[in-house]
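So that we are looking at the same thing, I have put the structure below in structure tokens.
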Amino acid sequence: MADSAPPVAAKERREPAATVAKKAALVAKLIQTSKHLIAFTGAGVSTSAGIPDFRGPDGNWTLRAQGKPRTKAADTLKAIPTASHMALVELQNHGFLKYLISQNCDGLHRRSGILPERISELHGNSNRETCKGCGKEYLRDFRAVASYKHSDHDHRTGRKCALCNGDLHDSIINFGEDLPEPALSLAKEHAREADLCLVIGSSLTVTPANEIPEMVGGRRSGKLVICNLQQTPIDSLCEVRVFSEGDMFMQSVMEQLGLTIPGFILRRHLSVKVERQEEERYRVTVGGIDTDGTPMSFLQSVRLEGSRRVARSEPFMLLWRDPLRDGDVLQLELEFMGHYNEPKLRVDHEHGDEDETIYVLEFDPLTGVWAANKEI
């Protein structure tokens, strides 16, 4: 598909702000009356985060067709989710958005707060790898992508599964490869149920992902809304067609709905287990997890106050050699990957009879402040 991009990009069109606002009002009414809203996103949803698209005037494939070097992109690990990303999270949290299908590999939808059970990342996620042996997923706060040294289809990352020691594979879908069946099946299932599909930032030219919005717009009972600067092959199926940047359009939609687009907060879930091994000897295991329990790597080191050792690799295990009673506090110092310049954080873990305690860690990149609370 990269070779199919023309050296001259399709013309972009931007409607006046007043026109976008009128169309946003129509879309807000469609959202309010919808029973099963799905969203479909492409590279255009991330451009305001500094991540270039593919087929725009400065898109990577357009520049390649012109024989020019790629546009310098923001580091996806440091990129802040856009207003469009955060608007979709708010629609999810208020019960409007039932499912999200994305063609993007930048990981921003998951980082922004879209729940893992509410998204199909059809082309993969550069922060996610999977064991082909047992199916266990791992989320990383680093690029979990193979080197492709031997082949574009050799997806081994070089890491091993903590459960079965099988090879871990990245989740990126390269050209000529089939889309992941579970993600595609769920996307089609929700498309069949959807009465409204909202497309943001996609030219809808890459198959078979582009068939998802068409499934909704092609039905008499379904309504299709597309917000994209360039024309798409299925514009004629639209109930509402908007030529605008996604952020401008979604800000207007949310205003019409009376909803505020939240600022980005980096949320992490921390698991702490304290296991008694023998008299006055305990093993403390600390690690990151996603909301569904998927192991997540976001720590560089863990230090336990009173212990001489600093754990610097997963699993982060430390020994406590003094008596522990219910109510005693273990002070944990956490060091993060630091993509958003996160400072170290101290978590005071109160010992009790729980086998595992989960903490929700929230970091505001604007203030540089952490907050930690026990999950209820």
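Glycine too: its Cβ is placed from the backbone N, Cα and C atoms.
Unlike curated records, TrEMBL annotations are generated automatically.
Annotations per TrEMBL:
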ACT_SITE  HIS123  active site, proton acceptor
BINDING   CYS131, CYS134, CYS161, CYS164  Zn(2+) binding site
DOMAIN    17-260  domain 'Deacetylase sirtuin-type'
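Can you tell me where each of these features sits in the structure?
Annotation for HIS123 (active site, proton acceptor): spatial neighbours SER102, GLN103, ASN104, CYS105, ILE172, ILE173, LEU179, ALA209, criterion Cβ-Cβ under 8 Å with sequence separation of six or more.
Cβ-based neighbour count (10 Å, all protein chains) for CYS131 (Zn(2+) binding site) stands at 20.
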Per residue, counting other C-beta atoms within 10 angstroms of the C-beta, which of the binding-site residues CYS134, CYS161, CYS164 reaches the highest number?
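Its Cβ has the most other Cβ atoms within 10 Å: CYS161.
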